[in-house]
Ligand code: ADP
C-alpha cells in the first residue's frame, strides 16, 4: 500500500475545549503520523477561500464564522492510505451518524461544530497542504 499524505484541521470547537492533544492521540493511535503541525488564527477571507467549494450552500456563512471563532490547528498526516484512513478515524460529518470510537462521535458537538476536518481526495489533499504549509515544513 502507498504511503500517502493528507491535510487535517483541529477545528475551533475542539481547540476551545482543549482537546487538541486527545485528538492528536486518536490520529496517532489510528496509525497516522503528524509530519507538520501549527496553531493559527484564520481570517474570515482565508476561511471563505478554504471552503469556497461550499460557497453556494446555506451553511457557508455559519461555517466560515465558526472557523474564525477560535484558533485552529492545521496538520499534515502521513500513513498508508492516509486520506481514507483519516476519514475513518474522523467518522461521519454528522456526529449523530458517526461510528463509536471515531473523533466526531467522541468529541463533536454538532454537524457544524464537528471537531475535525480531513481532505476527501488526493487532489484536495495536495491543494490544502500547499495552502497552509511550505514544503520545508513537512518533515516525514
Ligand atoms: P466533511 O468535513 O466531513 O468533509 P463536508 O465537506 O460536507 O464534510 O462539509 C464541510 C463542513 O461543513 C463540515 O465538516 C461541517 O463542519 C460543515 N457542514 C456540513 N454540512 C452542514 C450543515 N448541513 N449544516 C451546518 N454545517 C455543515
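Even glycines carry a Cβ here, placed using N, Cα and C.
What TrEMBL records for 117 is active site, pros-phosphohistidine intermediate. Taken from TrEMBL, the feature ATP binding site covers 11, 59, 87, 93, 104, 114. Residues or ranges marked as domain 'Nucleoside diphosphate kinase-like' by TrEMBL: 3-140.
Less than 6 Å separates the Cβ from ligand 1 in the case of 59, 93, 114, drawn from the binding-site residues 59, 87, 93, 104, 114 in sequence order. Counting every protein chain shown, the Cβ of residue 11 (ATP binding site) has 25 other Cβ atoms within 10 Å.
The binding-site residues examined here are 93, 114; by Cβ neighbour count within 10 Å, the least packed of them is 93. Taken residue by residue with DSSP, residue 104 (ATP binding site) is part of a helix. Taking every pair among 11, 59, 87, 93, 104, 114, the residues listed as contacting ATP, the largest Cα to Cα separation comes to 21 Å. Helix first, then strand, then coil: DSSP counts for the domain 'Nucleoside diphosphate kinase-like' (3-140) stand at 64 helix, 28 strand, 46 coil. In this structure, of the recorded positions 87, 104, 117, the smallest number of CB atoms within 10 A of the CB marks 87.
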